[in-house]
Every structure is written in C-alpha cells, then in structure tokens.
Amino acid sequence: MPPPPQRVFALPRQQSLLLPAVINPFIQDTHLTKAAIIKCVLLGIILVPIRAVLMSLVLMVTWPVAVLITLNHPLKGAVEPMTGWRRVMCRRVLAALGRTYYFCMGFRVVVKGKQVDSTVAPILAVAPHSTFFDGIVCLVAGLPSTVSRVENLATPIFGRFVRCLQPVLVSRKDPDSRKNTIQEIESRAKSKGRWPQVLIFPEGTCTNRSCLITFKQGAFVPGVPVQPVIMRYPNKLVIYFLLNRLRDLFCLFFLFLQFLPTQIPTEEEKKSPPLFASRVRQTMAQTLAVPVTDHTYEDCRLMISAGELTLPMEAGLVEFTKISRKLNLKWDNVKKDLEGFAAIAGSCKGGRITIEEFAKFLKLPVNPALEELFALFDRNGDGTIDFREYVIGVTILCRPANTEDVLRMAFQLFDIDKDEKITREEFSALLRSALGVSNVNMAKLFKEIDADHSGFITFTEFHNFAMVHPEYAKLFSTYLELQRYQAIQEATPGDLELTGSAEKQEESTSDKKDD
C-alpha cells in the first residue's frame, strides 16, 4: 500500500530574490577606544588651530583666483567650454591650490594608474562615494566638469569654486531637469575633447564602502568610453604625529586613487546603458574586492520613511532597484506597502512580524491555512517576516490571488441565501467553522468590511476591502487548497498521483516568478 500523500509546499526560492551580501550599506558604525579618543583630543588641541590658520591662508589666495577665472564667463544659456588662459589657470593653478587646501586638512593622496585624455574617455566614473571629502578626486583629475545642483552656485565662497568646474546643473524646480541633464552630459561627452572630462559618482548617494550599490545610468547613456576611478580610505582612523617629519605632521587621512583601464561599450551596451553600467560596476567591485548589491537612493528614502513610522530604519531596505524591476513596482507602491507593514510590525521588536502578530493583525487565530500563508511569506524560514519578505509576498502571492473570480467565489460562499449580501450571521458561520475565528474578532472584521454600517456586506464593500487587504484573498485560496487536499486524500491512489502532480505545478507557478 503506497504511503499517504504529503502536502506539496512552495518550491525553493529564487536566488535572484534572496538577501544581498550587504544588508545595510548606508550605516557607518565607528567605535573608538578610550585611548583613541584621548589621542584625538590631545592632538586636536595642537593640530586644529594650525590647520585652521593654514586653510584660511590658502582660501584667501584661492578665492581671488577663482573670481578671475570665472569673470564675465556665463554659466547658463549657450555655455562654451573654458579655453586659453582660463583653462590653464583652472587645471594648473586652481587645482594645485585645491590640493594644498586638502593637504592642510590632513589628506595625503596616493595615485595609481594613469588618467587618460578626454578624447579617449570623456567620462570618469568614481566609486565608492562615501563622504563630502571625495571631491578631492576632482582636484587630482585636473578639475573636470561635474554634475551639481544649481543651488550650489549661490553658496558663499565655495560657490565660486563650483563655477570653475562649469558643472552640468540640476534643478529640482525644473520638471525637465533630468532629461536636460542627460542631454548635456551626452553633448559634452561627444564633443571630441572640446569639453573637459565629466566626472560622475554613479552611485548617486553615499555608502559605507562595504559594497557597490546600483549605478545610475547618467554616465552610461552617451555610450562613450568610461574610465573607472576607485577610491580607498585604507585607514579607519590613522593619526601620524611624527615631530621630526614636517610632512607627516599634517597627514591624517590617506586616500588611494586608482585609475583603471578605460571601459569601451559594446554595441549591445550602447543600446542598453544598464548593461554597460553593470559591467563597469562589476569591474570596479572586483578590483576593490567588495560585493555588489541592488540598493539605490530610493532605499535611503525608504529608510527615512521607516523611521518616521517608528520602525527600525533598516526595515526599509529592500534593494529597490531589483524589487521594482522584477515585481514591476513603483516607489508609491512600495511606500504604501511600508505603511501597511508598519501597521502590523509597529510594536514588534526589530521590525519583524511573528505568526502571532500576523494573526492578530488579520483578526484570525493561528490555524493551518494561516500557518501555510505565513510560511510562504517567510522566505528565509526564520519564523519572522521582514519588510522585504512582506513586499515580495504581497506582490507575488496575495495580489495575483486577488482576482475578480476568486473574490466572487469567496463572496458566494459567505452569501448562503444568494441574496447578494452577507449578513452578520452568514459571515460568522463560515469564519467560525472554517478558520475558528472568535466572536469578538468576527465583529471587528465585519465592522471593517461593512463600510456604510448598514448591517450587511455588499459585493462592492467586500471587493474594496480585499483590494486594501490582499492577504485575505491568498488566505482564502490557501484554505480552499487545504480543503481540496483533504478531499484528495480520500481519492484512489491513481488519482492521488495525478492530482498531486497538478497541484505541485500550480503552486510552483504561484510562488515563483520568472527572472
């Protein structure tokens, strides 16, 4: 006699939607020993006044030079690249003064590799971007053009230095700013050397240097050769204070810049900027010996939103680029899901949902149908659901189950007398027998669905509630699958094999999504 059939659960998860190698690339935790803190304080008492005086002197010389270079040179409209003495002053004099300024702050730069000319590689892609001081790469590279907000031009003193770079300006007030920025980068990149190189930090935001996050496409849309530049700060906290060597008196931070070989796009990559960006990022990551993740600036926004919703900020990290691309989600959808998740997990430690909290939110007891739905959400099997798992679960499990046919079938099961409305007694009878829901929770759930407080539920109210709470549709379909499975157990052995095979195929389709 063959063994009794086993319930077919979800197939193993896709590798493409598993957790990234670095969970949070945006947080930097620095823990200093008491000895290090004392050393910083004692050395700061001596070094800070010296640095401040020297930086002020360099600034007093640099600012008039910047004024002279930009005198009567337009920044908007039909802007032409600087030529002649302006370009020489900018690349030689101003760059040298800038490096001196950074040296006075305590930076010592070591350059490896060779920077190519703008005719060979019109764009420099620099990563990882981790601090405001990364701007020193502009000085080492001979003051290439950058991408900057238009508001930076009005910054006292330093706004004049930004003007010397002739940046590609981005305006938050202009709805066409993104398109215009891409067009201007492309125009300069294809100027055949008329414009200096365009330097871009393709990550678009700062990270903790533990990985390379998704590169934005701006540097790769023109389809021209790109020279990658990697930055390393090898010291977490290195203080050199050797009184017998004046050079080391002022060296606090070491920065290693490495110019990598120029990356030339293939014909396919010229047509697909994300493909070119991915290859360049992979090349840089291999040199840095760090992993890559699909986090973006949008993950930072979700972190902030999570904090505002009293969740741990890390709860908002979902690798937005990957999730949005694979699941066809937009920012507003994910933000709305975060609010829904916060409604469940607001009181949970660490912003993770247990099955008890999941059941409490749905106003249901822990039962086999709920346990199976929870297991489908819990992708790593740790007994909790984080926000990333919640987004994936709602998108590929619940919303596809929330079809008109499923909702109509569920409504008809509740509507025992077929009068197109569900009374409180009909609602209670099915939930009590099927899911073991208590009278108190049934009353609360009925009240939520009965939007007009008429004492009965119409299909419109039923449908609207299901659209806002897609978890119930998947829970209902899971319940029906369990009922069907119990019926299958009573079938003949031959029927079991055929039905089990069909069920396995159906469930694998519901839980997996094509890459």
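Glycine is no exception: its Cβ is also placed from the backbone N, Cα and C atoms.
Quick look at what TrEMBL annotates:
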{"type": "TRANSMEM", "residues": "52-72", "note": "transmembrane segment"}
{"type": "DOMAIN", "residues": "365-400", "note": "domain 'EF-hand'"}
{"type": "DOMAIN", "residues": "402-437", "note": "domain 'EF-hand'"}
{"type": "DOMAIN", "residues": "444-472", "note": "domain 'EF-hand'"}
{"type": "REGION", "residues": "493-515", "note": "region 'Disordered'"}
{"type": "COMPBIAS", "residues": "503-515", "note": "compositional bias 'Basic and acidic residues'"}
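Across the domain 'EF-hand' (444-472), the DSSP tally of helix, strand and coil residues reads 18 helix, 2 strand, 9 coil.
Residue counts for the domain 'EF-hand' (365-400) under DSSP (helix as H, G, I; strand as E, B; rest coil) come to 24 helix, 1 strand, 11 coil. When Cβ-Cβ distances below 8 Å are used as the criterion, the domain 'EF-hand' (444-472) is approached by residues 362-363, 373, 394, 398-399, 401-402, 407-408, 410-411, 414, 420-424, 427-428, 431, 437 of the same chain, each at least six residues removed from its ends.
Under DSSP, residues within the domain 'EF-hand' (402-437) fall into helix, strand and coil as 23 helix, 2 strand, 11 coil.
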